[in-house]
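Chemist: My questions will all concern the structure given below.
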């Protein structure tokens, strides 16, 4: 019998998550039924959305999340043993699936690319960058794009796609190491928002003429400050608000209606799962092509060991990761 280890939500987070909010449980899995497959996790993802999505979990439930898994036993002809799949199995080492919701990797996945990229640049974060920038912001060559949390899994891809499309790109991140990385991957300007004397002045210095598109990963005061720097008819794609996810005190005031009205801005929140079918498939192929051609570079922040899932999650929320945070099982 196979034993599965799972990290469960022991209690809902109060402010910043802590190790004591999680509990590691072990269960014995039953034999497979017809149509089922047994999955073994290879790589697991930790992402900012889990912080707010966890509010919908019942205490004691397995933490949600995506993983790259190997089919180790199968009674489902669509997923023979040895297949590599993407699964929404959560924080667990082994999982029995009926095959629904499993996704095979692109058939032409080359051996030289790590499978973990299916959780990052050629996966959900990459798709988020792709559709948020190209569909929500609808960027065109010659425009100026601002990205917050620019050295993260999503932001780093946003900036590189924007450069591919002929845009000027400005990134904000929270350490000098991250700023150096942004310049290495082609950002035109980047600044450490934690050390600048004035965020408003830093934004003006990076692009005196303002911004056509702002890809927002942080929300809060940063978003409010950016509004006055937007060009008329500018577009803002609201992807996340990691700066306020852990706050227990009163949230900062919302965006200024005056700036939105008189600049005639368009602000749109979005979830990547809006785009499915052929457009999603094309986006994945575009991302893989750009990675293989060296037009999109990637960096992974890898934590070894399933036992370290909570620590990896907490570190990611604290901004310790450069690029995509993944855990090896």
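Cβ coordinates are placed from backbone N, Cα and C, and glycine is handled just like the others.
As listed in Swiss-Prot for this protein:
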type	residues	note
MOD_RES	18	phosphothreonine
MOD_RES	20	phosphoserine
BINDING	152-155, 178, 193, 217, 239-245, 270-272, 321	NADP(+) binding site
MOD_RES	178	N6-(2-hydroxyisobutyryl)lysine
MOD_RES	178	N6-acetyllysine
Chemist: Round to a whole number and give the Cα-to-Cα distance in Å for the pair residue 18 (phosphothreonine) and residue 152 (NADP(+) binding site).
Modeler: 21
Chemist: Work out how many Å separate residue 178 (N6-(2-hydroxyisobutyryl)lysine) and residue 152 (NADP(+) binding site) at their Cα atoms, rounded off.
Modeler: 9
Chemist: What's the number of neighbouring CB atoms sitting within 10 A of the CB on residue 241 (NADP(+) binding site)?
Modeler: 21
Chemist: Reported as an integer number of Å, what is the Cα distance between residue 241 (NADP(+) binding site) and residue 20 (phosphoserine)?
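Modeler: Pair distance, Cα basis, whole Å: 24 Å.
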Chemist: Would you mind checking how many other C-beta atoms are within 10 angstroms of the C-beta on residue 18 (phosphothreonine)?
Modeler: 12
Chemist: I want to verify one value. Collapsing DSSP to three states, which class is residue 178 (N6-(2-hydroxyisobutyryl)lysine)?
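Modeler: Where residue 178 (N6-(2-hydroxyisobutyryl)lysine) sits, the three-state DSSP reduction gives helix.
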Chemist: Whose Cβ, among the recorded positions 20, 217, has more other Cβ atoms within 10 Å than any of the rest?
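Modeler: In terms of Cβ crowding, the pick is 217.
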Chemist: Count the Cβ atoms, other than its own, that fall within 10 Å of the Cβ of residue 244 (NADP(+) binding site), considering every protein chain shown.
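Modeler: Excluding its own Cβ, the number within 10 Å is 17.
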